[in-house]
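For reference, Swiss-Prot has these:
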ACT_SITE  75  active site
ACT_SITE  148  active site
BINDING   194, 201, 203, 213, 237, 303, 305  NADP(+) binding site
BINDING   358  heme binding site
COMPBIAS  1-22  compositional bias 'Basic and acidic residues'
MOD_RES   2  N-acetylalanine
MOD_RES   9  phosphoserine
MOD_RES   13  N6-succinyllysine
MOD_RES   221  N6-succinyllysine
MOD_RES   233  N6-acetyllysine
MOD_RES   422  phosphoserine
MOD_RES   434  phosphoserine
MOD_RES   449  N6-succinyllysine
MOD_RES   449  N6-acetyllysine
MOD_RES   480  N6-acetyllysine
MOD_RES   511  phosphothreonine
MOD_RES   517  phosphoserine
REGION    1-34  region 'Disordered'
MOTIF     524-527  motif 'Microbody targeting signal'
């Protein structure tokens, strides 16, 4: 039985086999000093107290006390892998980025898949958006495409992000997941309807990480060598085919194998079944953006493919598992502001907010020198700047080079040729309310044209099955929003909720007391 286990289960066995006849390494302290006894503490006599001079114990325990680093506030549960991106189609007319330089070019990549709301020990099979972040190690520095498995998101204004995440996390008093919090926020922000509908559809629970698409989601800007710019969106579609889990299978796996997605990815790569995705872009000119029927930078909407077709670019291939999870996955940090020349941000409000939030959280979680950690290091570019010192400075701190700019001593110089693309911006400065920017048209298309009848049925069942645990006034607000999308959408959900709500008194838990004779009649009636 043990001989037929999968590579993930046999990791220790395989590690030993790889060492072949090598002798075991000499056991040492963190400082490299050999250890003579690792099984017994040093004491004054067999029953005496420990000695402070037992540096073997203190070295071990002091490090153990500091093993954990802060958990990611979102996307805490994840799996990672490494591979390459290969260009298959020329898009240099759109972008001068070296990653797209010529057909056949390969760029090393690191990828992290994740759920959003759960903690690091949560199940892989919950209904939740999936993170799908790609780090390209280019000659012009890292490019971090920090995407999801959906082309849209719940909100379009970055100031709402902390509250949105709080609503998906645990109640501050009970420390329980709270349907009131979840649905209260969603019902008060109807721009969430598109993503909520996607989330509760069949694609809300992907079958592992290999069978789902990825999307940059945001609108970006591409700039070519002539300084001409267009807006774009990034898509990466699975070559393994879309597969999703049923509600029943997902629930079963959450108990039987909560690490189902991580295990599936590891074993596929370990057995040479390398997963891949075909990489595409959509392109919109500036003039098209000006006449577009809605805000092209709205993260709650897509660009219709019939108007802005997918343009093939290349392939993402994953062919190496992490050597060590903590070193290469837990410490992996993605930052949307890492963009090499040829790729720039658009005015997308959510993207603009992430440009600050992501590097800020990495500095908190990993330290100000997190880009010196090997998995985050832009190893194909030479880093030269005026940043110095700080906790965990692990490199040479740029030696004796000047640490101020400008200077007269041949230190790193700015390069005018990589200046960002200029753009016009002269509107009034104020806080613009975007809450009611057509929250239903694309959701209606998704409900009526993208989904089939059986898919619509399951969508409504999934929504009602979750919404039923929220208070009635919240249910009413949510149903109103779904009805605004289409009367049939709201009516189906309401009909299912009516059944659930009718069953609630029957399923209520009653507490009975054996000795109630001393209670008043009113108190007895309340038992």
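Backbone N, Cα and C define each Cβ position, glycine as well.
Structure coloured by features recorded in Swiss-Prot.
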residue: 9; record: phosphoserine; Cβ contacts under 8 Å, 6 or more apart: none
residue: 13; record: N6-succinyllysine; Cβ contacts under 8 Å, 6 or more apart: none
residue: 75; record: active site; Cβ contacts under 8 Å, 6 or more apart: 112, 114, 115, 116, 131
residue: 148; record: active site; Cβ contacts under 8 Å, 6 or more apart: 129, 130, 131, 132, 214, 215, 217
residue: 201; record: NADP(+) binding site; Cβ contacts under 8 Å, 6 or more apart: 451, 455, 458, 459, 462
residue: 213; record: NADP(+) binding site; Cβ contacts under 8 Å, 6 or more apart: 132, 149, 235, 236, 237, 238, 242, 277
residue: 305; record: NADP(+) binding site; Cβ contacts under 8 Å, 6 or more apart: 282
residue: 358; record: heme binding site; Cβ contacts under 8 Å, 6 or more apart: 146, 333, 334, 335, 336, 337
residue: 422; record: phosphoserine; Cβ contacts under 8 Å, 6 or more apart: none
residue: 434; record: phosphoserine; Cβ contacts under 8 Å, 6 or more apart: 156, 157, 191, 295, 298, 349
Worksheet item: What does DSSP assign residue 449 (N6-succinyllysine), in three states?
Response: helix
Discussion item. Taking the Cα of residue 303 (NADP(+) binding site) as the centre, which of the modified residues listed as 221, 233, 449, 480 lie within 10 Å of it?
Written reply: 233
Response to the item:
Should one count Cβ atoms within 10 Å of each candidate's Cβ, the modified residues 233, 449, 480 would be headed by 233
Discussion item. I'm trying to understand the geometry here, so how far is the Cα atom of residue 449 (N6-succinyllysine) from the Cα atom of residue 194 (NADP(+) binding site), in Å to the nearest whole number?
Written reply: 14
Item to complete: Pop the Cα-Cα gap between residue 233 (N6-acetyllysine) and residue 194 (NADP(+) binding site) into the table, whole Å please.
Response: 18
Worksheet entry | pLDDT averaged over the residues of the motif 'Microbody targeting signal' (524-527) | 48
Worksheet item: Per 10 Å Cβ neighbour count, which of the recorded positions 194, 203, 221, 237 ranks highest?
Response: 194
Worksheet, complete the sentence: Spatial neighbours of residue 233 (N6-acetyllysine) among the recorded positions 203, 221, 480, using Cα within 10 Å, are 221
Worksheet, complete the sentence: Rounded Cα distance, in Å, between residue 221 (N6-succinyllysine) and residue 480 (N6-acetyllysine) is 37
Item to complete: Translate the DSSP assignment of residue 233 (N6-acetyllysine) into the three-state scheme.
Response: strand
Worksheet item: What whole-number distance in angstrom separates the two most remote CA atoms of the NADP(+)-binding residues 194, 201, 203, 213, 237, 303, 305?
Response: 20
